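Peer 1: The structure under discussion is supplied below as structure tokens; questions concerning it will follow.
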């Protein structure tokens, strides 16, 4: 039973990071209608930038975190500006944009493989230690994951409700063309959505590298988790996406309690497939069925 | 040297079959799937099982493989195709991941990571295949049959209805066609055709294990379709040649071996991105543009949204 609770703790911590990634994906998708498959590449690049700064260049942690965020935002905005926007202008189909995004993920992953190799890196930090609460072991990274996710998502909630930019982004979620009619230029706001969505994966990148280490395949995996979280939560609903990410983290870790860890990805996608079959609108989403 | 070229030819033929059968979904039905290696794998395992346990007849093993793989894709398609296209992409990746886990973990049937070894050489109509050249001939015959079948299929009323839905779902529905039934049929046929490639592979290599049917390979098959040009007959063939020939070309460039894989993937990833921005109809459309009398049709997959 204690094992179950321990797994629950790990699940909530992992799920908090998935939630950040899923919210970022959902924000980008809902505002710009871009199925940003390279979202995980953003995370991977941020993680490797953080690793390079902290362990190779020996930068102080604050600067390394700033670099990771900067890399994430630069990649997200750059891709929107240089790849997606030109394609949207020519009215490219969903599948064309998806294919380009897919290609970007392959390119980013292999650039990292060429620079850093395929092997596993870890970042030493006192944060990966922890303490016992009764029989449960809590690590600082896990606590930090939950705290960062809560703060970021609350801040986003406030931003979307209380600022002018946030209101315009929400209007884009409802009807991007109409926002364009008001002369608010969805190009600029598309880049803002990409900047925020990409910045949200930076904490996930940093905390994952502290907790589980780095590997080039982490990008593709996180893309899948982010999308799965967004779908389970109900696409088009940011808070649903957060919930979906959290749920996947918990399901994954509780599943590992009963099955071997080779089943971890299969559990995530088992949950996803079940949702797609029986509740394709997700937990909090609007109707999405074909016809 | 002849054996090397023959083996490369067999791999190329397999790639052409896989890419062309996936094109039926991506290019004609407007369904993006990243799970084609699963159907290839199911076909290979089914053929291997028949060859090891029942008979070494290639035709019989292939028929069983096509049936099993078609059934699996049917079971995937029925519930999942009801959701929107962007969800199907993700569902197919999920399906690929779950299937890969099953390939490695279901020891009783798949032999786990060790796979199934000692598959006997294929027998076709009483003829025992032994040399790589004989396998090349077999592959070429299968490839031509599959391509001919697809060519006839996409020109049939069924193919035209598929394209109608890809281009305008509302208009096609107004004509009284059932999109779900059409898409399920396309997915099932596509899965069954991929099994032909699986069966050839199993007999040719005489060994199957999960490493040949991974997500990476599914991505590669999809890359062939996209790079060559979805929605045309020539596209997947061009794409399959491009992606299969490339590693062979890279062999001639001096490079530390650990760089070969990533450089290869980098090149086809970058090709996809650049083609999608500047030439979304793929490499094959370049050739079509050179023949001015025929109008260039938009074939970059589905056009809804």
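A Cβ is built for glycine as well, from the same backbone N, Cα and C atoms used for every other residue.
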Peer 1: Examine the ranges A:12-30, A:31-49 and name the one recorded by TrEMBL as transmembrane segment.
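Peer 2: Among A:12-30, A:31-49, the range TrEMBL annotates as transmembrane segment is A:12-30.
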Peer 1: Taking the transmembrane segment (A:221-246) as the reference, which of A:60-83, A:95-117, A:137-160, A:191-214 gives the largest number of Cβ pairs under 8 angstroms?
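Peer 2: By the under-8 Å Cβ criterion, the transmembrane segment (A:221-246) pairs most with A:137-160.
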Peer 1: Please work out whether the transmembrane segment (A:60-83) lies in contact with the transmembrane segment (A:191-214), by counting C-beta pairs under 8 angstroms that are 6 or more apart in sequence and asking whether there are at least 3.
Peer 2: yes
Peer 1: How about long-range neighbours of the transmembrane segment (A:95-117): same chain, 6 or more residues beyond its ends, C-beta under 8 Å?
Peer 2: 34-38, 40-41, 44-45, 48, 75, 79, 83-84, 87-88, 214, 216-217, 219-220, 223
Peer 1: Cβ under 8 Å to the transmembrane segment (A:191-214), counting only same-chain residues 6 or more beyond its ends: which ones?
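Peer 2: Residues 13, 17-18, 20-21, 23-25, 27-28, 31-32, 36, 39, 42-44, 46-48, 50-51, 65, 68-69, 71-73, 75-77, 79-81, 116, 120-123, 125, 127-128, 139, 141-142, 144-145, 148-149, 152, 156, 159, 165, 169, 172, 222, 226.
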